[in-house]
Amino acid sequence: MADITHLPMEQLQDLECCLDSNPPWAEAILLAFQNYILMLGTSVMIPSWIVHAMGGSDGDKARVIQTLLFVAGINTLLQTLFGTRLPTVVGGGSSAYIYPIAYIITDSSLQQISDPHERFIQTMRAIQGALIVASSIQIILGYSQIWGLFSRFFSPLGMAPVVGLVGLGLFQRGFPVLGDCVEIGIPMLLLVIGLSQYLKHVRPFRDIPIFERFPVLICVPIVWIYAVILTASGAYRHKPDTTQNSCRTDRANLISTAPWFMFPYPFQWGPPTFSAGHSFAMMSAVIVSMVESTGAYMAASRLAIATPPPAYVLSRGIGWQGIGVLLDGLYGSVTGSTVSVENVGLLGLTRVGSRRVVQISSGFMIFFSILGKFGAVFASVPFPIFAALYCILFGLVASIGISFLQFTNLNSMRNLIIIGLTLFLGISVPQFFNQYWTPSRHGLVHTNAGWFNAFLNTLFSSPATVGLIVAVLLDNTLEVERSKKDRGMPWWVKFRTFKGDNRNEEFYTLPFNLNRFFPPT
């Protein structure tokens, strides 16, 4: 095997803008708006389902989405300034929170409320309380450096399948959703691939590769207009409700129900209520989002041509993510925060991993969440359009995870067994758990303790979490001493401490000279 101990970090080719450089302001603003458009997909889909299950109205749904986007903007800004400082969008709409929220929604004490709006308010307050308590898990694990200490068990071999599963585990949001409206989804998929890959060297305006830089901004309006034409022409007039909800552009009801101006504020739904069972169930979602975000941070560091985040920086990011979940609970955004995997993939698709771009996108989130009608226009894009983008972006994140294997020995049968078993179980176990899930039954684990059901079902329904458990356990128990070089540890070990590589200070130092008051440990 070739000596991999001195390979540089800049292995990814064609990445023209990295973490410590910034594109021109005009280009940065367009790239930031592209990030904003992309994160709207899950930020609209999952909260819409949750609000519907809670008995909320279309007006409640619009208000929740505006609140979620407002808090996402704050969390993204905090993470890029004081957290990991990687160009990652911290948004809502994570599927990790569906199990605990479904458990809270079906709580018998809440189901007894006959008035739908009152039931929605009381359920929202219960979710707020659970998020506030559960956020303490990430805050403690982050700021106490416990998560950083645990990261000492990570290696390139272990992280490769885990990061891969962060992307592969979201396959159900890709073609299965695209297939709900193939006449919109397929053209979108082909158009994005064609522009971003086959026409990426075509530069019609000056020297800016617009097809490579702005595939989302170009393709979404084209296919959206095409969908409007199909809707207006009556193409879906006699189709089933499922097809109409997926394909029509006039079914979201966001524009008509969203207020012109709304400034979200803490406890807007009333004071939160607290329940031990609800809080324990929500803690499982926080743990899952922490694992998935860790994988997303690793992928983002590769795409931004930065060193892997050291243990101290990783803990700092998890701590600030806990603050983000706390803000979700205070404001009532119905679900917790996690790193947006699709926006991480966009770093690779556009070949721009600039921190400034993501910070500007946080401004768009806050601005359009306050001006409700304008934000609702963009949020009403049919979801199959986003699903077509996910097919590319989630796959790209998965391939970034696999790229970590270049620092390991792939001729080692030990390594091949760990990689194969982690990938297979990481996909197979969650699929087994998910096939038993319905909102009323709460999943495969079905005891009399509802919080216990939600806790285990949430953990084992996450591909990245299952993958981390399997990879870390096997990688740190099978022939550990004999396999240090095969695992890629000689290359990895220097990045685990803040001072292990001189580029860490360049990438991860806090702004405003704050490192004087919060020195890395």
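From the backbone N, Cα and C atoms, a Cβ is placed for every residue, glycine too.
If you look up TrEMBL, you'll see 29-52, 64-82, 88-105, 126-147, 153-171, 178-199, 214-236, 357-379, 385-404, 416-434, 454-474 marked as transmembrane segment.
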Range from 126-147, 153-171, 178-199, 385-404, 416-434 with most C-beta pairs under 8 A to the transmembrane segment (88-105): 126-147
The transmembrane segment (357-379) in contact with the transmembrane segment (178-199), cutoff 8 A, at least 3 CB pairs, sep 6+: no
The transmembrane segment (416-434) touching the transmembrane segment (385-404) per 3+ Cβ pairs under 8 Å rule: no
Contact set, same chain, for the transmembrane segment (454-474): CB under 8 Å, 6 or more residues outside the stretch: 96, 99-100, 102-103, 153-154, 157-159, 161-162, 164-166, 168-169, 280-281, 283-285, 287-288, 291-292, 295, 417-418, 421-423, 425-427, 429-430, 433-434, 437, 442-445
Same-chain residues near the transmembrane segment (416-434), Cβ under 8 Å, at least 6 residues beyond its ends: 157-158, 160-162, 164-165, 168-169, 405, 410, 443-444, 457, 460-464, 466-467, 470-471, 474-475, 478
Positions on the same chain near the transmembrane segment (178-199), where near means CB under 8 A and six or more residues out: 211-212, 215-216, 218-220, 222-223, 226-227, 230, 235, 242-243, 246-247, 349, 382-385, 387-389, 391-392
